[in-house]
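**Q** One structure coming up, written as structure tokens, with questions to follow.
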Amino acid sequence: MLRSLQLIRKMRLTFFNPAAEKLWGYMKEEVIGNNVKMLVPVAIQSQHDELIDRNRRTGVDKIVGTSRETKIERKDKRVVWGQLSLSKIELDEGTLYTAFVKDVT
């Protein structure tokens, strides 16, 4: 069972493990430094940054701290399903989000 891990700081991907490469079909070199919304389904990409900003402003966590099934749109356009667990860590230099995703297809 593959569990992918991504680390996200200031909406930029800072870590992308081999399981994440296999799940999304991107090599880590293609995603590191890019906005995390590139991994979010196209239908909600335009809303993604605002949802994250709202979480930062209000402190209300609707997804953070939960686990839920989510659609994953791979680089090759295939759709798979994953179980997403999203956490956040408050550091002196800002907020770090960790995303663990298990392939449930």
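Indices start at 1 and increase along the chain as displayed.
The backbone N, Cα and C atoms fix where each Cβ goes, glycine too.
Note: TrEMBL annotation is automatic and uncurated.
So TrEMBL has the following annotated:
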DOMAIN    12-41  domain 'PAS'
**Q** Work out, from DSSP, the number of helix, strand and coil residues along the domain 'PAS' (12-41).
**A** 15 helix, 6 strand, 9 coil
**Q** As a test of reading the model: what is the averaged pLDDT for the domain 'PAS' (12-41)?
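**A** Its mean pLDDT is 93.
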